[in-house]
Amino acid sequence: MEKEEKVAAEAAAAEARRRLVIGVGFWVQGFRLFPWLGVNFFLKDGMGVAASSLQILQASANLPMVAKPLLGLLSDAVPIRGHRRLPYVAIGALLQAISWLAIALWPAISLPVLTIFLLLSNFGASICEVANDAIVAEAGKQVTSSSGSGQLQSFAWMFGSSAGALGNLLGGVALSYFSPRIMFLFFAILLVIQFFTTVAIPESSLKLPRAATNLSALTSIRKQVKELSCALCMPEMFWSIIWFTLSYTVIPFLLGTMFFYQTEVLRLDSSVIGLSKVFGQVALLAWSMSYNKYFKTMSARKVLSVLQFALALIMLSDVLFVQGIYRKIGIADSIYTIVFSGLFEGLMFFKVLPFSVHIAKLCPAGCEGSVMAFVMSALALATIVSGYLGVALAAFMGVSGDDFSALPACLLIEAACTMLPLCCSSLIKERREKEKKEE
């Protein structure tokens, strides 16, 4: 009896440490929105960057995220001192800290140098996210009850969303009193704290699967590549990822253009922009809680299709906003921006949670890090392509920093493209109940 109690106590302690690592990791990464809000205003006001250039830089800064499959393979196959997760989290935090410190302290920084450090920061963030996602996937596999399925994913999302909301709220206020460089410096200090916190926790205490020690790094990578290939060749996995990627790729997002319209034409204050992003993060937080409680047992196809349709409705609402319809019926531009623009940015990523849970259920044991990294890489590449398409659409329609007359037409095209993935939602494959029982 005492032995069983001891085992139960050790399992509870390991669970608590896993939640601490996951909570800190996702909170810090969610708080990245704090310095990135400062980056937008630093580029527009401090460096005089045009709307198209701003959106291109925003999209291009995500290029390191495309390397996530390689980072996932490294994390799965090449342990550092016998550990596959926390050392990579520490390395990623350190790279981000160096980047933001350099941006904050570099005198008269040029646009090319700033771009290089932003790319390095996102490279460090991608390393952290790969390792954190793998911890969530591996720990989630140890939950045997169906009621516990998806709880860690929701827990991680709640921490990330709450940090994003706080980061945008503080960012909107901080921009009214401090320069963006102070924001960059503050976030760098947080990353240094995360680095030392991660280093202080032994990975063995998390009770995660240990790496095989009798394989060389090259052999282990080959093994992981083979397992990843087999996992991606599963029909339900392959077609689901194809649909998820297309649901972002086909949309010409106009986030940079809308940012300039709100700040240059409507003259909205930075605090309003910050509050709109806070609303989006609060919506993400509420979604993660409600999904875990009400929607996780629903079909992934149904949930993802409804979210895609809701995204298109918000875009159609933006057409009325740009034409001044809401202003005529008494809804202030600032109120609409806070609520609907914030909800739009949140809705863009609502699909990630149910899709991550869906993929985690399909993912074979042993390659969780590689598969989740591949999915996030596909998402990063899709958002980059959609950002470039948005710039091309705005340029083709003649929308610029001085002329927004064609913006309603651009938004209609954006909404129509958003509806296209609904025509092929049958690509989202569910595993048959018979196969689940056999496994």
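A Cβ is built for glycine as well, from the same backbone N, Cα and C atoms used for every other residue.
TrEMBL entries are annotated by machine, without manual review.
Feature annotations, reproduced from TrEMBL:
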type     : residues : note
TRANSMEM : 20-43    : transmembrane segment
TRANSMEM : 55-74    : transmembrane segment
TRANSMEM : 86-109   : transmembrane segment
TRANSMEM : 155-176  : transmembrane segment
TRANSMEM : 182-201  : transmembrane segment
TRANSMEM : 241-261  : transmembrane segment
TRANSMEM : 303-326  : transmembrane segment
TRANSMEM : 338-359  : transmembrane segment
TRANSMEM : 371-399  : transmembrane segment
TRANSMEM : 405-428  : transmembrane segment
Result, the transmembrane segment (405-428) in contact with the transmembrane segment (182-201) (3+ CB pairs under 8 Å): no
Of 55-74, 86-109, 303-326, 338-359, 371-399, whichever stretch has the most CB pairs under 8 A to the transmembrane segment (20-43): 86-109
Tertiary contacts of the transmembrane segment (371-399) (same chain, 6+ residues out, Cβ under 8 Å): 51-52, 55-56, 58-60, 62-63, 65-69, 71-73, 75, 126, 129-130, 133-134, 137, 228, 231-232, 237, 241, 244-257, 352, 355-356, 359-360, 363, 405-407, 409-410, 413-414
Contact ranking winner - 55-74, 86-109, 155-176, 241-261, 405-428 against the transmembrane segment (338-359), Cβ under 8 Å: 241-261
Range from 55-74, 86-109, 155-176, 303-326, 405-428 with most C-beta pairs under 8 A to the transmembrane segment (241-261): 405-428
Intrachain neighbours beyond the transmembrane segment (86-109), with Cβ under 8 angstroms and 6 or more residues off its ends: 21, 25, 28, 35, 71, 74-75, 79-80, 117-118, 120-121, 123-132, 181-182, 184-185, 187-188, 191-192, 194-195, 198-199, 201, 203, 206
